[in-house]
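Quick look at what Swiss-Prot lists:
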type     : residues : note
ACT_SITE : 81       : active site, nucleophile
ACT_SITE : 409      : active site
ACT_SITE : 460      : active site
ACT_SITE : 469      : active site
CARBOHYD : 453      : N-linked glycosylation site
SIGNAL   : 1-25     : signal peptide
């Protein structure tokens with residue numbers, strides 16, 4: 001990109017950030033934050049609490065785990081289906097916790113709702129790890145579920161329980177689960193010390209299991225988890241990620257030593273430009289770099305170097321960018337729904353900018369340096385795109401703004417609710433709602449869809465699942481972003 005222009009990278013970057021198709025009005029980030037948290041109530045599985053705010057949802061999957069003799073009710077459906085996938089659920093919980101840890105003070109009255117959303121996830125993860133050296137990683141058969149279009153309250157598809165254990169390794173899921181529990185223990189450290197200790201103790205046990213019985217669940221449970229949440233990147237990053245969060249939560253030297261000792265073996269320098277439910281490398285580098293920037297951990301210096309390189313790779317105009325930008329200014333990266341990359345990478349930009357600000361540092365990026373303010377502006381531009389500053393002139397968050405997706409790929413949202421249609425709607429009976437051109441009858445407020453790609457185009461149609469399906473891991477990093485921007489803009 002830089003080689004094709006006479007402009008310096010800094011000028012090109014400024015143009016991308018400041019020039020848009022037209023002048024847009026400001027955004028109500030507080031309203032967007034409220035709605036982004038509310039979305040998680042629409043994804044709840046199990047028996048709903050009295051304070052449930054999305055009233056069109058009802059109890060579902062109340063016998064989950066019974067076939068294995070355990071209680072696995074609760075937790076979250078990952079997206080527009082009715083399967084509970086443990087890997088993305090754990091990552092979602094980790095990212096909600098990180099959002100609260102770093103940006104909770106800016107969330108105002110929505111902080112407690114964010115904490116409730118985290119606890120809905122951790123309560124389930126505690127159930128999933130109740131047996132030593134076992135993690136229940138999935139409830140539901142994805143193939144039978146995806147063959148039906150029915151609301152969760154009616155579902156009669158297989159609720160098969162899948163687990164990892166000593167003979168069926170799954171270090172990536174166990175490592176991420178340990179990270180989620182450890183991160184959440186920080187959230188509850190002062191709010192509920194007893195619960196916080198339970199979370200940290202369980203995280204410690206699950207991490208020990210993850211590293212003792214190393215292996216990928218994509219191998220041991222291939223038929224169940226692939227191609228849905230196959231771990232394409234290997235389990236090594238989740239071991240470092242879990243250790244990093246346990247070190248942050250416990251301050252124990254053993255986890256610091258694990259990170260330093262294993263950073264080469266566990267490929268800490270590999271794929272450092274990636275971050276999401278499958279790949280934690282960029283997140284590890286940003287998280288660990290905070291200690292380096294505080295002057296407390298020179299032994300983690302290589303992680304800061306990786307973090308700097310990652311940050312530079314996101315900036316438009318750099319010689320070897322790891323992402324593209326659409327004409328409308330959207331960050332675009334291949335692999336699944338694009339908004340998962342937009343929110344997770346923007347979260348790291350904002351988080352790192354804050355770490356740099358407190359240390360009075362900048363990021364060297366070849367012929368120019370990136371200031372914390374610049375990183376924040378890049379992140380804000382992405383959030384504003386989601387909220388409506390884009391060529392389609394629409395918000396990609398359901399219920400925010402005057403124009404937003406109406407026909408999202410989501411079973412519960414698109415099929416009439418049990419409130420309006422008490423009679424059961426069976427597996428294939430829901431197909432007419434999937435193919436309908438009518439808007440979804442139930443607003444899944446706060447849901448952020450997969451969104452457009454490099455063309456900035458968006459077909460508001462359920463069959464385009466990569467574009468119109470929301471996921472929990474799109475929204476989770478957004479909590480921190482919206483919390484920060486609601487307090488500072």
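For all residues, glycine too, the Cβ spot is worked out from N, Cα and C.
Its Cβ taken as reference, the residue listed as 'N-linked glycosylation site' is surrounded by 18 other Cβ atoms within 10 Å in the chains shown. Each residue contributes its Cα atom, and for residue 409 (active site) and residue 469 (active site) those atoms are 5 Å apart.
Comparing Cβ neighbour counts within 10 Å across the active-site residues 81, 460, 469, the minimum falls on 460.
All chains included, 26 other C-beta atoms sit within 10 angstroms of the C-beta of residue 409 (active site).
Looking only at Cα atoms, residue 81 (active site, nucleophile) sits nearest to 469 among the recorded positions 453, 460, 469. Recorded residues residue 460 (active site) and residue 469 (active site) have their alpha carbons 10 Å apart, per Cα-Cα distance.
Taking only the Cα positions, the spacing between residue 469 (active site) and the residue listed as 'N-linked glycosylation site' is 14 angstrom.
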